[in-house]
Structure formats: C-alpha cells, structure tokens
Amino acid sequence: IAIGDLYDAMAGHDDSGASEKKASDFDIPTFSNENMQSNMKVIYYSRTFMSIIGGVIAGILGFTGLMGFIFYFLVMAITSIGLTAKAGFSIHSYFDSWNRIILDGFLGGLLSFVLFWTFAYDIVHIF
C-alpha cells in the first residue's frame, strides 16, 4: 500500500470507482533491499543484545547444563515476540517471511549467550 492510498483510506475519502479493482491491487508486493537489510540488522542486534543480557542473568542465577539452554530458548522466544510486537504483528510489511524474525540470528546469539553465561557464572560462583 502506498502512503497516499493509506492516507486516502484513513481519511475516509470515497472514490466513485471503488467497486472496480485496479491492476495494481493484484501486484506482488516488493521490498526495498536497503530497508530489508536495515530490518535484518535490527533483528541481529536485538538477538545479540538479549543473548548477552540473558547469558549474564543465567550466570548470576547459577543455571548449569540443560537449565541454561532452556533459559536461552525462553529468552529467544521473548525476543521474537517482542520483535513481532514492535512490527505491529504485521510481519509481511517488513520481512518476506516469518522465518526472518523467528530464526535468523539464533545460532550467533547462542554463542554470545554461552560466552557471557560462563563468564558471569565464573565471576559470581567460582571466584
């Protein structure tokens, strides 16, 4: 939807030819590469930041083994829900698929999580 079309729809303008379908109504949506890359950067930065914070919290709380990894999956689920809410639950307006917001950056975040998890655990519980 173009901004002009959205504005007309929101302003309550009534076109006399509203019952006729335009050829542009059947077009495949297109995405700007620059905007898509910017959105992906936001996802990667958010996942990395939440992985670091989650790792520090897991280390301070003393999670070990499987409990720490379950905590990581919980943090990533909350991050995915937060990113979806930030997008206004309209994922296809900003990304080409749901996999972008749910799965991208998952393994990179796992490495950051484990690094800060072990670091915080060592500082708090060993030293």
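Please read every residue number as a count from 1 along the shown chain.
Any Cβ shown, glycine's included, is placed from N, Cα and C.
Automatic, uncurated: that is what TrEMBL annotation is.
Long-range contacts of the transmembrane segment (42-63) within the same chain: residues 71-72, 75-76, 78-79, 82-83, 100-101, 104-106, 108-110, 112-125, each at least 6 residues beyond the stretch ends and with a Cβ under 8 Å from a Cβ of the stretch. Annotation comment: TrEMBL describes 42-63 (among others) as transmembrane segment.
Here TrEMBL flags 69-89 (among others) as transmembrane segment.
Long-range contacts of the transmembrane segment (101-121) within its own chain (CB-CB distance under 8 A, at least 6 residues past either end) are made by residues 40, 43-44, 47-48, 50-52, 54-60, 62-64, 68, 72, 75-76, 80, 83-84, 87, 91, 95. What TrEMBL lists as transmembrane segment is 101-121 (among others).
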